[in-house]
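Colleague: This is the structure, below, for whatever I ask next.
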Amino acid sequence: MTTNLLDQINARRTFAIISHPDAGKTTMTEKLLLWGRAIQVAGEVRGRKADRHATSDWMSMEQERGISITTSVMQFPYKECMVNLLDTPGHADFSEDTYRTLTAVDSALMVIDGAKGVEERTIKLMEVCRMRDTPIISFVNKLDREIQDPLALLDEIESVLKIRCVPITWPMGMGQDFVGVYHIKQDKLYMYKKGQGSQISEIEVRDGYDHADVRDRLGELVFNEFVESLELAQLAAEDWDEDQFLSGKITPVLFGTALGNFGVDMVLDTLVAHAPKPKDHQAVERIVRADEPEFTGFVFKIQANMDPKHRDRVAFMRICSGRYERGMKMNHVRLGKEVRVSDALMFLAGDRETLEEAYAGDIIGLHNHGTIQIGDSFTSGESLNFTGIPHFAPELFRRVVLKDPMKSKQLQKGLQQLSEEGATQVFMPQINNDLILGAVGVLQFEVVAHRLAEEYKVQCSFEPVSIATVRWVHCDDKVAFEKFKKKAHDQLSVDGGGYLTYLAPSRVNLQLMQERYPEVEFRSIREH
Ligand code: GDP
């Protein structure tokens, strides 16, 4: 293996931001890109976003509702590292998408609104991170406003999110009197200056925190409160322990204001210094190390119409090991087929570019003409199936009613594609020709109806249907499975991926079936 390959892989930092809506994820993303020199002036991302909305029709829904439905990938260099930032939809109805995106990152940045503290979405997302022991860096945002007592915030993070805090910086003042942050280890005070939010500017750094003008500005009382809380924070804080951080047990905490572009570079410094390089991935067959020379990767997301001019679909692949090179041949493991990839995409600050090479940790985009599904593995030859890319059992169901019966072909095709993307799940009962949609959030149905109309020219509506939940069924004992399948025939269906599922009319029914057929596995998550 060349050292170059190792150097490149070790320099990758791939992460996502987790936060509650309005905590400042978009603002933070923009400022991170500013520090990555991916944009020159803050405001470009939003501007570009608005642009895209104006030209893309289904995304207009997103604009109307002021929510972010799409996930995108941004790559930028910072210091000696190449940073990949994966954006996740903020709305709870698209949580499946978010969960799968979190399978493709090595760490996460948790942004917390300092005034509101730990909020509900953050709690959910932290649960997902914990399932994978994802290391978390925490940023308390909006220090230019009145926030909660920083000590109380740390307490809340520790008690609600069950992760211990190690403050890296400590805020001095807040709101109108936000002086800056004291970097504990460096013993330096970084002075905040208003009105510098849209660009990178020189920051005044002072030794220690005790300065006459700072005392004057805050007044003795507030200054002494700062000293006291800093001492308490240091006393209560865990010692830094890299292993504890890497296993998600402790989190470094930084303070600042994304809007004021203050503290953002310290987040990046922490990411570069401590966040893990690309981690190893579990496949059915074996564990794949990131620094193996052979190329491997898996698809965690499929997205349609990123470029409204092309109406194409892009499969997002996380590279797990080795290196992608333009024109290389890949083994599409599920199909057992070799494909030549000459036009993979990479994502520079929201722009798409054709890519010459990429390394483990990077995300690349493959043009998808309907053959790629979420969870698919690609390798440079070996037969490997990566695990852990989940489909969750939906909790909401609707029967699709087609307005024009002549269009049933288009409807089938549209639903098939939308389910491959993970926008919805589709179930085809054995008993009739119904098409049942399943979703995790109710907004997903609206998006599906909208996209069917816009992209496939199919008008349809939805009817309620009495299904409480679904389970993917599996049984090694053939005879027992046949018996079950006969008995459960009317409740069985095939999902969009071709897997057999049991549509349970009620929870009680599901429980009875599970008791009656103990040999049969009823899975609530479908993954390789
Ligand atoms: P998202 O929903 O998490 O993406 O949040 P946004 O980045 O869109 O921010 C939500 C609101 O909070 C917007 O009005 C931002 O301007 C504002 N905001 C974000 N960061 C800060 C900050 O540091 N200070 C203040 N005062 N407002 C902020």
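Just so you know, glycine gets a Cβ as well, placed from its N, Cα and C.
Per TrEMBL, the feature GTP binding site maps to 19-26, 87-91, 141-144. Positions annotated as domain 'Tr-type G' by TrEMBL: 10-279.
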Colleague: Is D22 (GTP binding site) helix, strand or coil when read with DSSP?
Modeller: coil
Colleague: Averaged over the whole of the domain 'Tr-type G' (10-279), what is the pLDDT?
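Modeller: Residues in the domain 'Tr-type G' (10-279) carry a mean pLDDT of 87 in this prediction.
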Colleague: Cβ neighbours within 10 Å, counted over all protein chains: which one of the binding-site residues D22, K25, T88, L143 has the most?
Modeller: L143
Colleague: Taking the binding-site residues S19, D22, K25, T88, which residues show a Cβ-atom distance to ligand 1 below 6 Å?
Modeller: S19, D22, K25
Colleague: Using DSSP with the three-state reduction, classify L143 (GTP binding site) as helix, strand or coil.
Modeller: coil
Colleague: Provide the number of Cβ atoms within 10 Å of the Cβ of S19 (GTP binding site), excluding the reference atom itself.
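Modeller: Taking all protein chains shown, S19 (GTP binding site) has 24 Cβ neighbours within 10 Å.
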